[in-house]
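**Student:** This structure is in structure tokens; I'll ask about it shortly.
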């Protein structure tokens, strides 16, 4: 019966079959048994029989379809060229060794999906002529005429709504009918696809709809070439093509984009769309209603259509509400096979890590908001290169001058200095030279280059922010978004729903006219009577969680104190390995776990709190959510580092009178200072956070795909109807991807801005922190691209002119970083004590500096006597501790000497001088680097003048044409009245 089916026209390599194709062919491939043949015969009767019989046969032991093993598929999934292929593409297998019946069944599904009752030409039952590659589109592949189009093969699918066809609730059906009728009234074209359990509604926006809403949304589109614009573009290009620019381009030719795949765009002047000037626009330009613009217009329409007849209020508005209520399962845009494959190969590819990003194509595919994120991340990564090089040089300077450090040399050569116990009873005396190794490592980050690196980091942070504003202004102008701001945005449907439910706003949200009540969509919402309580509640809960985070950090600090006060299970508390390495590392790991848990809880809570507020536009919503989250993350991630940098070891007291917290002695710094521990904590939290984010962003989606593949193969989800979907075109493929949310970039921005805080606030303690950030970001750019192209549905394109509130946050962090660096240098390094000692003692070589920093204590003055037992230090009468205090034989024993106050004065003076110098340099840099370059401002001015003159000429020509038509009409009428037999009365009939 099936012997005449031809498969040699469909060349499709077995190695490109993914898990969904494997599921499809596993479930419909049968053994040669008679029972299997019976099943196969029943499957060819209707689309429902085809589908459900395929599921029933999932456990058939006699499968003969070709599929990849799990290990091979796992390796293939991460290859650059890999994509989610369709079941129908498997028909293109070479040779005649495939299962011909599978081809027939697949073709029958395509025929039913297209509304036909017969098979396509070339795939017949009982023979028929074949079709070669030139004869038409291959069935089901990316070139198929209905792969992402309507059944007519002409209209593109711009948006898709999906719902479960097996759940037929009358209320849901009625809402869908009303909603879809309203979409049709708006001019959108809809087509249903009910081939499988999940039913799809394909949406296409014709040109009239795009024109109408582009004018409403004030979307700018490129114009046809205007006389005189070539001179403007040529002069701008000539200014850029300097000798230095050409030399740099030739040196870095290996990182340039492939111009064959990503050709350079011609310059165009953009104008807000108006149907009055339709003849002026360049309809052939790639930016004229590109995919992201079309999707944003359709999404705007979907968000503002009612679905309840007779109750057209803001509470019954928008597709998001329908998805939330389960009327639709999802609403999404479609990936484009060709564009996605090109981006996957040339951009979302780790092997292309050094190449520049195709920002224009990213903007066309994802919209300006996503493109600006990747532009910012790429710019930030490039700006990390010089500061990373400087950090490496500072680190190498520490290695090269290791042996010249007088402090570590004196510690290692010392044999007689006995230090006081670091806890009350269980700790023993210890020798100073036991900290030899840690003192040497401490010198790597606390040397003469520390201040130089801090100064360079402060200048770099401001230069990065200022140059980014300058760079982004050029991008935004090139994309036609100059002048766009959030005031152009329309209110969020959720905001309109909130004000419609508010009793206090019920009188303002509706007016009475002759036709009854007419809703006003955007009434004024007073702050104190309406907005204050939600905002106060939201930020109060944020402060509560900040307090919880601080309490958690305090608990970890007490844990460290308790570990020192008791016999630790982690090792001997008297060993320097325990004191210097194990205890800080375990505390850092616990801190990272607590931080991650609080982050997870608060991130979900912050969304609910922001939903409770009255955020009018999507920009206001995103900024409110961002500020609440970042303030919490700032405390959550940085509090332990601030503790080590500014508090630890600063208020310990002395052996005769320790300052205690809950009965525990405070932690002390090592003789070399606390900077080494700050370095370890920074590395653990920073590297650990990046590892956690990588797992959440990439590994979990990959494991979910792998688990789904194994579930399909072994029938683990046999009874789960959500798994029964055979992907055979673009919208069925994208249905199984992760949803793309409006604030999908929030997590990516937060990760990078928190990292920016690490390197600006604390990289002084670890000069290689910028290098770690650079290495992470080089991979992060490509991993984010892979995630958005392979694991996530295509997001709706959104306009943006900058990165929003994130720039303001980084500006604030930069200002805090100046004070942080000054305080770390003053209180956590030995810079100021060394300067004061050299000036006071006349010892520029610092030969006796170590002894100068250690105070003497008489053991008979202990507040709590240590339990020494069989210690070799039982008879010790004196011990040393790190403090500036008088010796016991002084007339004021254990009091602060004058040198301590000199050092404190020097530290405070350094903070004031350092901050003023840095702030002055930063101010000069901000003044010297304007937000928009003079070249770009001149170009914008000239383009605006040229545009105005062009529109004036167009209006003149249009007015002359209208006048000429009027004159011609009058002449014609005069001629008609003068004609013989003309009856004037007939003109009024």
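Backbone N, Cα and C define each Cβ position, glycine as well.
Keep in mind it's a predicted model, so treat the numbers as computed, not measured.
Just lifted these from TrEMBL, have a look:
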DOMAIN    150-359  domain 'Anoctamin dimerisation'
DOMAIN    362-943  domain 'Anoctamin transmembrane'
TRANSMEM  373-400  transmembrane segment
TRANSMEM  449-468  transmembrane segment
TRANSMEM  536-559  transmembrane segment
TRANSMEM  580-602  transmembrane segment
TRANSMEM  630-647  transmembrane segment
TRANSMEM  682-704  transmembrane segment
TRANSMEM  753-779  transmembrane segment
TRANSMEM  803-827  transmembrane segment
**Student:** Given a Cβ distance threshold of under 8 angstroms, which distant residues of the chain, six or more beyond its ends, lie next to the transmembrane segment (630-647)?
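**Tutor:** Cβ under 8 Å, 6 or more out: 542, 545-546, 549-550, 553, 556-557, 588, 591, 595, 598-599, 602, 606, 674, 677-678, 681-682, 685, 689, 750, 753-754, 757-758, 761-762, 765, 809, 820, 823-824, 827-828.
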**Student:** Between 0 and 100, where does the mean pLDDT of the domain 'Anoctamin dimerisation' (150-359) sit?
**Tutor:** 85
**Student:** Ranking 449-468, 536-559, 682-704, 753-779 by Cβ pairs under 8 Å to the transmembrane segment (373-400), which is first?
**Tutor:** 753-779
**Student:** Six or more residues beyond either end and a Cβ under 8 Å away: which residues meet both conditions relative to the transmembrane segment (536-559)?
**Tutor:** 587, 590-591, 594-595, 598, 601-602, 605-606, 609-610, 612-613, 628, 631-632, 635-636, 639-640, 643, 661-662, 664, 667
